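Chemist: Pasting the feature list from Swiss-Prot:
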BINDING   Cys14, Cys50, Cys88  [4Fe-4S] cluster 1 binding site
BINDING   Cys166, Cys170, Cys173  [4Fe-4S] cluster 2 binding site
DOMAIN    5-125  domain 'MTTase N-terminal'
DOMAIN    152-384  domain 'Radical SAM core'
DOMAIN    387-449  domain 'TRAM'
Amino acid sequence: MTPPRKLHIKSYGCQMNVYDAQRMVDTLGAEGFVETAEAGDADLVILNTCHIREKASEKVYSELGRLRVAKEEAARQGRAMQIAVAGCVAQAEGAEIVTRAPTVDVVVGPQSYHHLPELLARAGRGEPAIETEFPAEDKFGFLARPSREAIRARGVSAFVTVQEGCDKFCTFCVVPYTRGSEMSRPVARILDEVTRLTENGVREITLIGQNVNAYHGEAPDGSTWTLGRLLYGIAEIPGVARIRYSTSHPNDVDDSLIAAHRDLASVMPFVHLPVQSGSDRILGLMNRKHGASDYRKVVDRFRAARPDIAFSSDFIVGFPGETEEDFRATLALIAQIGYAAAYSFKYSPRPGTPAADMQEMVSATEMDERLERLQSLIDSQQAAFNKAAIGTVVDVLFERAARKPGQLVGRTAYLQPAHVMAPDNIIGQVLPVRIDSLERYSLLGELVATAAPVAGAATPLVSIGG
C-alpha cells in the first residue's frame, strides 16, 4: 500500500487565508495528502501568503530560503519535496516569485485553488505551474468539501467565506488587485455549508469576506440577499448558537444589517468596523468615500438597535501627508467611539497602489511615536472594557481545554478569552460564567450553571442564561 503524501500549509494574514488553507487541505486530502505539523517532513509545503504589508511579503521570501535548505535535505534522503506559494503574494508577483526563489514549484493565486492538483502534476512533469488569472468559474463549486472528521477536528467555531474581492479601491490597499472585484457566493451553497458544519459540532459561524457587508448573493428563488438577510437565514439553521461577520466597510452598513443585530440573539453584538483615520482630509486621500461624522452615525445606528454592542477597528498611522492635527483627529475619534479592541499599523506602501506614489512621507520616527500614542489609548480602552466585566455574568462558548489542567477556555460575545475550571463535556456549549478577575487580556471566572453535554453531531445547542 502506498503511504499517504504529507502536506504542510503555513498561512499568513487574514481570516480568509485560514479558511482558504482549510479548503486546500480538503481538496488535497482527496488526492491522498495528509497534514503534518513539520515542514521538513512534508512532500508538499504551501505558503499561503498575505500582501497587505511589506513585512508580510518579505517574511515569505525568508521562509522560502529556509525551505530551500529543507528541500535539498529531502533530496539527499531520496525524497522529492514540492513547494507552492499561494495567496495574495502569489497573485501580485506571479512568475517573479520563481525568478527570485527558483526552489518554488507552483505559484497559485487565491481564485485558482481548485486547480492545485493539476498544477502539482504539471510541476511534477517539469512544466511551468503558475496560475494567477481570475478564472470565470466559481472556485467554491470545485473545491472538495471537508470530511466530517476534519470538521470535528477543527473545533466548535468555523469560518465561512461568503464574499471575496473589493471594489472600494482605497489608495493604500492591494486587495482589489490581488483578490479581484467583489463576488458573492450563492445563498444555497452558503446555507448548505453552514448546515454541514453544524451537523458536525460547529456552534459558531463567522462569515468572512474582504468587504463582507457588500454581500449580494443570489437566492434559490432568483432574488438577491444582502448580508442582513443572510444572517436571518443562517439563524434558522439548527445548531447555530453564534453568528459573526468580518470585515465590514462603513458605507455598506444597510438597514437589514442593523435589523439583524436588533432581532437576532445569535448575531453577536461585536462588530469589526475599520475606519483607518479620524481625519476627513486623510480619509479623502485614502479614498474611503466617507468622513469621520459618517462613521460616527453608523456606530450610532448600531447602538440604537443593540445597546450592548461593542466595536473593534483598524487604524493606519503615518499615511502620506498626515499631520499632527490629522493624527489628533484620529485620537479624538477613538476617544468618542470607545473601542473594545483595535488593530493599529504604521503605513506601509504597497507597489501598484496610488498611495505608494504620494509625496510628503511621514518619517519613521514620527510613525513610531504616533503608533505608541494611539496604541496606548486603545490599550487603555480595552483594559477598561475588560475590567467592566468583573462581577458580571457573561455567556461563554466553551471551545477547548486550556493549558492549565482541568481548565477550559471559551469566548464571550466580544471575543474575550474566558478561562474556567470545568469538565470538558461542556465544550461546544454556551454557558453563563461569573467573571471574578482578569489575567492580562483574559477573563477568569466560574460557571453559574451547567447543562447536559452536547450528545451527537446534530444535537441543538443547549444555552442557559440567554
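A Cβ is built for glycine as well, from the same backbone N, Cα and C atoms used for every other residue.
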Chemist: Other than Cys166, Cys170, Cys173, which residues of the same chain sit close to [4Fe-4S] cluster 2? List them in sequence order, counting a residue when its Cβ is within 8 Å of the Cβ centroid of the site.
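Modeler: Sorted by sequence, the hits are Lys168, Phe169, Phe172, Val174, Val175, Pro176, Gln210.
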Chemist: Could you name the residues, excluding Cys14, Cys50, Cys88, of the same chain that surround the [4Fe-4S] cluster 1 site, i.e. Cβ within 8 Å of the Cβ centre of those residues, in sequence order?
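Modeler: So the extra residues in range turn out to be Tyr12, Gly13, Met16, Asn17, Thr49, His51, Ile52, Ala56, Gly87, Thr178.
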Chemist: Taking only the Cα atoms, work out how far Cys173 ([4Fe-4S] cluster 2 binding site) lies from Cys14 ([4Fe-4S] cluster 1 binding site), in Å, as a whole number.
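Modeler: Cα of Cys173 ([4Fe-4S] cluster 2 binding site) to Cα of Cys14 ([4Fe-4S] cluster 1 binding site) measures 14 Å after rounding.
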Chemist: Ranked by the number of other Cβ atoms within 10 Å of their own Cβ, which of the binding-site residues Cys88, Cys166, Cys170 ranks first?
Modeler: Cys88
Chemist: DSSP-wise, what's the residue breakdown of the domain 'MTTase N-terminal' (5-125) into helix, strand and coil?
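Modeler: Looking at the domain 'MTTase N-terminal' (5-125) with DSSP, the answer is 68 helix, 25 strand, 28 coil.
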Chemist: May I ask you to report the DSSP-based helix, strand or coil state of Cys173 ([4Fe-4S] cluster 2 binding site)?
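Modeler: In three-state terms, Cys173 ([4Fe-4S] cluster 2 binding site) counts as coil.
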Chemist: Here are the binding-site residues: Cys14, Cys50, Cys173. Which has the lowest count of other Cβ atoms within 10 Å?
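Modeler: Counting other Cβ atoms within 10 Å of each of the binding-site residues Cys14, Cys50, Cys173, the minimum falls on Cys14.
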Chemist: To the nearest whole angstrom, what is the C-alpha distance linking Cys170 ([4Fe-4S] cluster 2 binding site) and Cys50 ([4Fe-4S] cluster 1 binding site)?
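Modeler: It is 17 Å, counting Cα to Cα.
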Chemist: Just to confirm my parser: what is the rounded mean pLDDT across the domain 'TRAM' (387-449)?
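Modeler: That stretch averages a pLDDT of 96.
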Chemist: Can you tell me the CA-to-CA distance separating Cys50 ([4Fe-4S] cluster 1 binding site) and Cys166 ([4Fe-4S] cluster 2 binding site), as a whole number of Å?
Modeler: 16
Chemist: Under DSSP, the domain 'TRAM' (387-449) has how many residues in helix, strand and coil?
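Modeler: The composition, in the requested order, is 4 helix, 35 strand, 24 coil.
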